[in-house]
Amino acid sequence: MEANTLFLLKALCLLCFNVCFTLASDPDPIQDFCIPKPVTSPYHDHHFSTNLPCKNSSEVTTEDFVFSGLKTAGNFTETGFATVPVGPENFPGLNTLGISFVRADLKPGSINPPHYHPRATEVAHLVKGRVYSGFVDSNNKVYAKVMEEGEMMVYPKGLVHFQMNVGDVTATIVGGLNSQNPGIQKIPSVVFGSGINEELLMKAFGLSLKQIGTLKKRFDPVMSNEH
């Protein structure tokens, strides 16, 4: 009996080790911490690097490991959606630790459009409200439900996911990602705001040139600023 128990414990430890190794997204740190010198690149900028120069340890303070920016919502867009991304650029203590966060607030009826993080898995915790949340796997199967306060959902790395507030109050979600530079690509902007050939888009979606033009005006940052 003791031998079986010992075997199970060893197997469990090995499984945990393999899972942790497999899920690791960023390089392991080679020191206790590396508080970066001030930078300006946002956490979802693909140019953001873990190879940032570190402060001298004599300059590091407790405040480098404390972040208060999730207490309040970010600035709401016209569509009723607000985010507060949290990475090494505004929470220095996260640098080299392979993790980042985001607070998302959705007014009733508003959405976080389909998007994905190419370099990270995300775990979303619904702090307040009722939110229809889910993701789509590589077989185009949707896994979605209406989440209640206190529930969590995981969005596997690289899979498209989304949220919509189906409640009567502003919903708040806090997400954790296993990379300090997870990246983000919003599907509407990727398709219609990146400059893909219009003829290709017409054939892919069965839309007219006029319809494609309307969508590009909405999602292309250059064209939207001209109108």
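Note: Cβ is positioned from N, Cα and C throughout, glycine not excepted.
Taken from Swiss-Prot, the feature signal peptide covers 1-24, and the record attributes it to sequence analysis.
DSSP assigns CYS54 (disulfide bond) to a strand segment in the three-state reduction. Counting every protein chain shown, the number of other Cβ atoms lying within 10 Å of the Cβ of CYS54 (disulfide bond) is 16. Taken from Swiss-Prot, the feature disulfide bond applies to CYS34-CYS54.
Taken from Swiss-Prot, the feature N-linked glycosylation site covers ASN56 (among others), and the record attributes it to sequence analysis. Sequence-distant contacts (6 or more apart, same chain, Cβ under 8 Å) of ASN56 (N-linked glycosylation site) do not exist in this structure.
If you look up Swiss-Prot, you'll see 68-213 marked as domain 'Cupin type-1', on the strength of sequence analysis.
Under the three-state DSSP scheme, ASN75 (N-linked glycosylation site) falls in the coil class. Sequence annotations record features per position, and here Swiss-Prot assigns N-linked glycosylation site to ASN75 (among others) based on sequence analysis.
Annotated Mn(2+) binding site per Swiss-Prot: HIS115, HIS117, GLU122, HIS161, in sequence order, evidence recorded as similarity to another entry. Annotation note: HIS161 (Mn(2+) binding site) sits in a strand segment as assigned by DSSP. For HIS161 (Mn(2+) binding site), the number of other Cβ atoms no farther than 10 Å from its own Cβ, over all displayed protein chains, is 22.
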HIS115 (Mn(2+) binding site) to ASN75 (N-linked glycosylation site) - Cα separation in whole Å: 20
Residues close to Mn(2+) site centre defined by HIS115, HIS117, GLU122, HIS161, Cβ within 8 Å: TYR116, ALA120, PHE135, TYR155, LEU159, VAL160, GLY175, PRO182, ILE184
Distance from HIS117 (Mn(2+) binding site) back to ASN75 (N-linked glycosylation site), taken between C-alpha atoms, in Å: 22
Per DSSP, three-state class assigned to HIS115 (Mn(2+) binding site): strand
